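Features reported for this protein in Swiss-Prot:
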type     : residues                : note
ACT_SITE : C52                     : active site, thioimide intermediate
ACT_SITE : D59                     : active site, proton donor
BINDING  : V74, E75, S76, H93, E94 : substrate binding site
Amino acid sequence: MTETIYSGLKQLGGATLLPESPDKAELERVRNPQADVAYNVRFTAPEFTSLCPMTGQPDFAHLVIDYVPGEWLVESKSLKLYLGSFRNHGAFHEDCTVSIGRRLAGFLAPRWLRIGGYWYPRGGMPIDVFWQTGPMPEGVWIPDQDVPPYRGRG
């Protein structure tokens, strides 16, 4: 069999159970065939869930992850499973958002990465969390995240 950039992936193309926790989730990556070009990749997770570490109640967020890849691309199914592993994980909004960004940045070594966590209200107040690796790169089209502020029923 011919070796490809997809060789070695374990989760893509088959049934895979949701990891028990973010620490047990296995991210996978593939070589970027366009590594000589600076471009933006966006992942949106509009139904992200985790648990409040104090009450065990579910928390919900709309996550937007932008990154300008270097040598590596995250394999999207592994990212989906990693994000899904937070479903039974207790952590505050800030910790969830920043830890996702830091893990992806450490794993992929992108030219740049940012994450916006737009958390739905708990206690009547939405919490939005933003993290990025450094200044936005020049010459790359990086659209606004365009997640409107929470308005409730108004």
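Heads up, the Cβ atoms here are built off N, Cα and C, so glycines get one too.
A quick note: this is a predicted structure, and the numbers were derived from the prediction, not measured.
Shown on the structure are the features that Swiss-Prot records.
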residue : record                              : Cβ within 10 Å
C52     : active site, thioimide intermediate : 14
D59     : active site, proton donor           : 22
V74     : substrate binding site              : 21
E75     : substrate binding site              : 18
S76     : substrate binding site              : 13
H93     : substrate binding site              : 20
E94     : substrate binding site              : 13
Maximal Cα-Cα distance (Å) across residues annotated as binding substrate, namely V74, E75, S76, H93, E94: 25
Distance from E94 (substrate binding site) back to D59 (active site, proton donor), taken between C-alpha atoms, in Å: 12
Integer Å distance between the CA atoms belonging to C52 (active site, thioimide intermediate) and H93 (substrate binding site): 8
C52 (active site, thioimide intermediate) and E75 (substrate binding site), distance between Cα atoms, whole Å: 28
DSSP-derived structure type at V74 (substrate binding site), helix or strand or else coil: strand
